[in-house]
Amino acid sequence: MGSDSGQAGRHTYQSLTEDGLLGSAKLPKRPTGRLIMHSMVMFGREFCYAVEAAYVTPVLLSVGLPKSLYSTVWLLSPILGFLLQPVVGSASDHCRSRWGRRRPYILTLVMLMLLGMALYLNGDSVVSALIANPRRKLVWAISVTMIGVVLFDFAADFIDGPIKAYLFDVCSHQDKEKGLHYHALFTGFGGALGYLLGAIDWGHLELGRVLGSEFQVMFFFSALVLILCSIIHLCSIPEAPLRDVTTDIIPPEPAPQDPPLSSDGMYDYGSIEKVKKDYVNPELAIQGKKNKNPNEQTRRAMTMKSLLRALASMPPHYRFLCISHLIGWTAFLSNMLFFTDFMGQIVYGGDPYSAHNSTEFLIYQRGVEVGCWGLCINSVFSSLYSYFQKVLVSYIGLKGLYFIGYLLFGLGTGFIGLFPNVYSTLVLCALFGVMSSTLYTVPFNLIAEYHREEEKEMQAPGAGPDSNGRGKGVDCAALTCMVQLAQILVGGGLGFLVNTAGSVIVVVITASAVALIGCCFVALFVRYVD
C-alpha cells in the first residue's frame, strides 16, 4: 500500500500549458518589441520602489510613527509575502480565466500597488481634511500610512513571480533569456528615473504648489508611470487560457463518476492536494489515458498543508538555487537598506540624533542626499551590466556570471566598510548594480534551463507518466519568496547587530561577508546545465 501511494504521489498534476503535454509544442519567436513591452512593467515597478525608498521614511516621520512600530512596518509585508507567494504561484498555474493564467494576478497586484501608494503618500492629507480632533487624526494618519506601506511592499514584492511565470509561459528558451535581460535593463532604468525625480525639491516648484505637496507630485508621477507600463505589459504577448488550450488539442473524454479517492500519498514539489468533487476535470481525464490512477482525474484544491509538503520535496538543485538566492538577497538588502544612513553617519560623519538645526544633522542630511545619488548609480550600472551580460554569458557561462556578481559585490562592500570615502564609495556603487542585475537574471535563467532539461526528458523515448512535472508559477514563486525571507532576516537581525556594535558600519561588513560566502555556495552547490 505504501509503495502504491508513493507511486500515486509521483504522478503529479501538470498544467496543459506547462512542460508536460505542451512541452513539445514549439513556441513562436517573439519580436524584440514585444519583449520590450513585456519588460515595461519592471520599469514601472522599480520606479515606484525608488519613490518609496526616497519618501517612505520622511512620510512615516511626518505622521509621527513611534519608533517601536518601525519593525512592524518593515517585517509585516515580507512575512505575508513569504507565506502567501508560493500559494498564489501554484494557484496561478491552474487559473482558468479567459484572460490567461498570470495576467489576472498581475493586474490585481498592480491595483494593490496603486492603492498602497495612494494611502501612504496621500493618507495624511486626506485624514487631516476629514478629522479635526488632533488625537484621532494622529491615530488614523499613522494607521492609514502603515497600511499603505505594507500593502505597497506586499504587492510590489509579490508581482515579480507572476511576471516571470508569464514570460516563461509564452516564450521559447532563447526568448526567455532575452526577456530576462530586458527585465533587468528596464528595472535599472526605472530605479534611476525614480531616484532622480525623488531628488528634486518639488515643494518649491509650481507643480508642487498646484498639487499640494511633493508627496502628491510623486504620487501623480508614480501612478501615471505604473498604469502606462502595466497596460503596455498586459497587452504585450497573448496568453492562451488553460481550458482553450485543452479544447484545441484533445477533446475531453467522458469522465467516470465518483472515482475512488485516497487520502494518503506524498506530494511532489509543485503539486497540490486532491479533493473529491462530483465531477472530473476533463483536462485531467486526458492524462488518465497515460496513468490510469483515478486519483489523477479528480479536481485539485490548494491548501497550505499540501503546498508545504510540495515545497519540502523540491528537487535538490531547486533547493540549492533557492538557498543561493536567499544568500544573495540577504547580502544585497543588508547593504542597500542602510546605505544612505551609512553615508550620512560613517562617510560624512554626521549625527541623525542631534538637533535638526545643528551642523552635525545638516552634515548627515548631506550624506543621505549623496547616498541617493549612489543608489542612482547602482540602478544605471544595473541596466548597463544587464546588456553586457548577453555578451559575457557566451564566454564565462551562467556559473561565471553568478560567481562574479557575488564576488565583486562582496569585495566592493568590504572595501567601502574598511576604507569609507565619498568618491571611492560612489565609484564602487557601480558594483551594487552588477549584483542587482545578477540577482534579477541569473537565477531565473537557471530555472529556465532546468525547465528545458525536464522538457527534453519528457520527450525522451520511454518517458511516461513517471516524469515529474511542476508548474512554472510555483518554481518562480519559490525563488521569489526568498527575497521576502531575506527581508525578514535583514529586518529582524541587522537592527540587533547595529545596536550591539554601536555603529552602522557593521551592516556593510556583514553584507560583504555574506556575499563572499555566497560566492563559495554558487560555485560548489548550485547546479548548472551544460
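In case you wondered, yes, glycine gets a Cβ from its N, Cα and C as well.
Fair warning: this is a prediction, and the values are worked out from it, not measured in the lab.
TrEMBL has this to say about the protein:
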type	residues	note
TRANSMEM	47-65	transmembrane segment
TRANSMEM	71-92	transmembrane segment
TRANSMEM	104-123	transmembrane segment
TRANSMEM	138-159	transmembrane segment
TRANSMEM	180-197	transmembrane segment
TRANSMEM	217-235	transmembrane segment
TRANSMEM	326-348	transmembrane segment
TRANSMEM	368-388	transmembrane segment
TRANSMEM	400-419	transmembrane segment
TRANSMEM	425-448	transmembrane segment
TRANSMEM	476-498	transmembrane segment
TRANSMEM	504-526	transmembrane segment
The transmembrane segment (400-419) vs the transmembrane segment (326-348): three or more C-beta pairs under 8 Å (separation of 6 or more)?
yes
Sort out for me which stretch, of 217-235, 326-348, 504-526, has the most Cβ pairs below 8 angstroms to the transmembrane segment (476-498).
326-348
Going along the chain, which residues at least six beyond the ends of the transmembrane segment (138-159) come within the CB cut-off of under 8 Å?
41, 45, 48-49, 52, 56, 59-60, 63-65, 69, 72-73, 76-78, 80-81, 84-85, 88, 106, 109-110, 112-113, 115-121, 123-124, 126-128, 131, 480, 483-484, 487
With Cβ distances under 8 Å as the criterion, find the stretch in 104-123, 180-197, 217-235, 326-348, 425-448 that has the most pairs with the transmembrane segment (504-526).
326-348
Selection from 180-197, 217-235, 326-348, 368-388, 425-448, the stretch that has most Cβ pairs under 8 A to the transmembrane segment (104-123):
217-235
In contact by Cβ distance (the transmembrane segment (368-388), the transmembrane segment (326-348); 3 or more pairs under 8 Å):
yes
